[in-house]
Amino acid sequence: MAKYSTLSLILLTLSLLPPSSARPKLLLFLIDGFRFDYISDGELQHLPGFRHMVERGVKVDYMTPAFPSLSYPNYYTLMTGRHCETHHMTGNFMWDPKKNISFDIGANEDSRLPQWWDGAEPLWVTMEKAKRKVSMYYWPGCEVEIRAIKPNYCREYFYYPSEAEFGKSVTDALQSLTRGNAEMAAVYYERIDVEGHHHGPWSEERKNVTRELDQILWHLHQQIREMGLESELNVILFSDHGMTDVFWMDKVIELKNYIDMQDIIQMKDRGPVVSLWPAEGKLSKVYEELRAVQHMNVYQKEDIPERFHYKKGTFVSPLTLVAELGWFIIERKEKLPFWNNGTSINIAWQHGWHGYDNELMDMRGVFLAYGPDFKVNFRSAPIRSTDVYNIMCNVLGIEPLPNNGSWSRVQFMLRSSSGFPTTLHLINLWLSVLPLSLILF
């Protein structure tokens, strides 16, 4: 009799697991460089698409990015819930001195090597392992085989998709969800970041692109309503970091004025965070010379502040330079990153940048969400980029992997903070009841 009772309990436990068809699907948007105050209450008056999301869902006051407040480190933090020193994607530019290979903002072939990506498992890989399909559009990294897995569909990133191409990707993502080709669709949008860099965070060019994005979002909301998907689809929109003004003619730190560049065997990146690998026997000399430089801090690896959650990263350099807000570190001014402004020559400075101390206000990002799992017209306290992973796992019914996010910071934005019963919880419940069943029968 006991074996039949045990079988009954197993069947009861399995019956509590929600069928995949019962779970709302998820549409994700990663908007690069979208600062939190781009959708302040005043700005929302002119952005009906964003306003729709706010009024029908959740808006956090702001989202603090991971350090450094750069793109690739935060792409991976958002999709793994881990600090950069834990997933090891610690910069847009990295170097492996043992193999003498580089990761150069995903543009070079070596950037696709597993060593840069296998430090953690992003959500789309976890879903594919669970036989739950994912479609991704221009999402950096979807083209990479991570832990021997790629998403079911990846429309590979290029620099940079037009508004028409982005609009089509949104339509295609929605269709992939409604036609049963995916349970999660993720779309990346870059132009807010591009115009913020080129013209500055409060430029008319950046504002115009925001209005174009808003129109696409408004059209999406209409499609969801017309297709009757309000109760079947969650929509989440977040950014990787913010943006601040830079004034290069006045606020440039030229390293050549302070150190002998012959003492450096490798330098990665420029701007707010710079990584240096001094030649053998030159570390102390270079460090002491850089300590005297104003408007920046220099850290030996072991002295990097704990709050950055950065120094334990595999590819962190012996010396890390961190500039004050608005200052730009470069070897010499001639190497400043210009853009050609539509001409054949480099004639224009950049006017916006990011990557600074992640606690600075201008580096803060945005998080919006609406759908059947989210409260309506709910303003949430600030969250961190590590927290987003747990939200996505909850609405998808995925057991989250170990991560650095906080559930207590985000649970109140959900209609039900308990979420779906997970397999682990149900197994624990079954094990607690099993001894009683053996006694009774």
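Every residue, even glycine, has its Cβ placed from backbone N, Cα and C.
Annotation comment: Swiss-Prot describes 1-22 as signal peptide, evidence class sequence analysis.
What Swiss-Prot records for D32, S71, D240, H241 is Zn(2+) 1 binding site, and it gives similarity to another entry as the kind of evidence. Annotation for D240 (Zn(2+) 1 binding site): spatial neighbours L30, D32, G33, P65, S71, N74, Y75, L78, G365, S385, criterion Cβ-Cβ under 8 Å with sequence separation of six or more. For the recorded site, D240 (Zn(2+) 1 binding site), the DSSP three-state label reads coil.
The feature N-linked glycosylation site is assigned by Swiss-Prot to N100 (among others), with similarity to another entry given as support. Just so you know, the Cβ of N100 (N-linked glycosylation site) picks up 8 other Cβ atoms within 10 Å once every protein chain is counted. According to its DSSP assignment, N100 (N-linked glycosylation site) is coil.
The disulfide bond feature in Swiss-Prot is assigned to C142-C154; the stated evidence is similarity to another entry. Secondary structure at C154 (disulfide bond), taken from DSSP and collapsed to helix, strand or coil, is strand.
As annotated by Swiss-Prot, N-linked glycosylation site applies to N208 (among others), with the evidence given as sequence analysis. Counting only residues at least six positions away in the same chain, the Cβ atoms of E195 sit under 8 Å from the Cβ of N208 (N-linked glycosylation site).
Here Swiss-Prot flags N341 (among others) as N-linked glycosylation site.
Sequence-distant contacts (6 or more apart, same chain, Cβ under 8 Å) of N404 (N-linked glycosylation site) comprise G81, R82, H83, T86, H309, T386. Sequence annotations record features per position, and here Swiss-Prot assigns N-linked glycosylation site to N404 (among others) based on similarity to another entry.
For S416, the entry in Swiss-Prot reads GPI-anchor amidated serine. Taking Cβ-Cβ distances under 8 Å and a sequence separation of 6 or more, the neighbours of S416 (GPI-anchor amidated serine) in its chain are D373. In the three-state DSSP classification, S416 (GPI-anchor amidated serine) falls within coil.
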Check the Cα-Cα distances from N100 (N-linked glycosylation site) to the recorded positions C142, C154, H241 and tell me which is shortest.
C142
C142 (disulfide bond) in three-state DSSP notation:
coil
Additional residues surrounding Zn(2+) 1, by Cβ distance to the D32, S71, D240, H241 centre under 8 Å:
L30, G33, P65, S69, L70, N74, Y75, D193, S239, H354, G365
Using Cα coordinates, what distance in whole Å links C142 (disulfide bond) and H241 (Zn(2+) 1 binding site)?
20
Can you give me the Cα-Cα distance between C154 (disulfide bond) and H241 (Zn(2+) 1 binding site) in Å, rounded to a whole number?
23
Any same-chain residues 6+ apart from H241 (Zn(2+) 1 binding site) with CB under 8 Å of its CB? Would you list them in sequence order, or say none?
G33, P65, S69, L70, S71, N74, H354, G355, N358, M363, G365
